[in-house]
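> Reproduced below are the annotations present in TrEMBL:
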TRANSMEM  12-29  transmembrane segment
TRANSMEM  49-70  transmembrane segment
TRANSMEM  82-103  transmembrane segment
TRANSMEM  115-136  transmembrane segment
TRANSMEM  148-167  transmembrane segment
TRANSMEM  208-227  transmembrane segment
TRANSMEM  289-310  transmembrane segment
TRANSMEM  322-344  transmembrane segment
TRANSMEM  351-372  transmembrane segment
TRANSMEM  378-406  transmembrane segment
TRANSMEM  418-441  transmembrane segment
Amino acid sequence: MGAEAVKPRRNLTVDFLIVIFGVSSWVAVNGLWVELPVLVNKLPESWELASYIVITSQIANLGPILFGAARKIWSQKLLEIPIIHVSLGIVVTACTLLCFFWDTTTFLFGGLHSSALLVLAFFLSFVDCTSSLLYLPFIANFKEQYVISYMIGSGLSGPVPGLIAMAQGVGGYADCKNVTVKTTTENGTSIDFVLQAYYPPPRFSPNIFFGILTAQMCISWIAFILLNSLTTAKRERVPLTPVARASNPALAENFQSSSTDGDFSTSIEKPTLSQQYLLGKPGLPKAHYYLLLFIQGFLSTIHNGVLLSIQTYSCLPYGSIAYHLTVTLSSFANPLCCFVAIFFPVTNIYAVAGLSTFTTAWSIYVLVIALLSPTPPFVGLAIGAALIVIAWIMVSGSVAFTKACIASILRREGGQVALFRCGVVTQLGSAIGALVTFLLIQYTTLFKSYTPCS
């Protein structure tokens, strides 16, 4: 029996398809984010664009709420597969439209706004926010060893667009050029010479970037179709426990039609890890339990809500290249630190609190730099650009690592209820941070931008 009985058998084809499918979970929103260094120089929102994208993403959290309500109402129906098809179709359509309309503007609320980009960003965020609720139940249909394949794919949803953005580049620093401006009035025509900023173009345009994202989403959609149609994939599905059959007869019927023949009585009789997770009760002292939830909410407020909204103000004083390196390298740091947390989790509460203090220190540095914009310390020097890039990498990595450790502790000690509360404080903190920061940017002078050559 020994090792051969314990070691799970894998099907590499199914592994590959699940990884490709997992990439679609956040690749569209991450792709839009890493393209911001190119877009801020071309769209009317300029440095405020990041805050618009963040607040749009928070509004899009209606997606999980609506999906949760749908599951409550139609609990007897198998919703995941058809809704995943619809969601992938929405993202492919939105990415395709971005190829052609990303720079379309409309005069709204007294000024020009990137109406097409923001509307399409809402749909991308709406789907990606819901993907966590959609994709994991679908992956749960397969054997347990394929969960890590999905996590790898989901982790790659950051580096994949990051690599494309690095290949694209950002063009470089702005050049000041003399431009002739003719002004015609009733008194005649006057000619003025003014300095205007000229940004060197990237290696390829945003149109092509969004086209590559569209192709990636189409490939992920094909992988999902194959996971539902290939006999090889159907053989890798698992039977349902009595708990799952009772809670969702439609899902049980689906498994009966796709499972291979065999005697599953042993796996049905024995409680699974998933059942233990569902029935888990908090094993932590209350003070520790609420401390972890507070840290989770605090980090979400600071990182997801505040810092991402003011990222332009902290990076662009040091130039477009510093901003470009920040968003692309951070897209690698986040999943890398999540993977580290899987294999080397921090389970001590006080160590987690120490990690959050470390993260807060770097966050304060980023926030102070943004408040001192457009003339923060070391502006115009390589050391200033290097420090802000390092600070952002440290913030992104430490936030991802700390959150992953918190989720691991709460899952082990509190089960589904604890993770649900963790998700609630995450979204609540992100929304509060995004809303407050958006209002501060729009209606105060705390965060200042500048126009090169002005």
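Each residue, glycine too, has its Cβ placed from N, Cα and C.
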> How about the transmembrane segment (82-103) and the transmembrane segment (289-310): do they have 3 or more C-beta pairs under 8 A, pairs 6 or more apart in sequence?
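These two stretches do not touch.
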> Output the single range from 49-70, 148-167, 322-344 maximising the number of Cβ pairs under 8 Å to the transmembrane segment (418-441).
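Looking only at 49-70, 148-167, 322-344, the most contacts with the transmembrane segment (418-441) come from 49-70.
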> When you look at the transmembrane segment (289-310) alongside the transmembrane segment (49-70), do they share 3+ Cβ pairs under 8 Å, ignoring any pair fewer than 6 residues apart in sequence?
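Between the transmembrane segment (289-310) and the transmembrane segment (49-70), which are separate recorded stretches, there is contact, as judged by 3 or more close Cβ pairs.
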> Can the transmembrane segment (208-227) be said to touch the transmembrane segment (351-372) if we require at least 3 CB pairs below 8 Å and skip pairs under 6 apart in sequence?
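Counting Cβ pairs under 8 Å (6 or more apart in sequence), the transmembrane segment (208-227) does not reach the transmembrane segment (351-372), since there are fewer than 3.
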> What stretch in 12-29, 148-167, 289-310, 351-372 has the biggest tally of Cβ pairs under 8 Å against the transmembrane segment (322-344)?
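By Cβ pairs under 8 Å, 148-167 leads among 12-29, 148-167, 289-310, 351-372.
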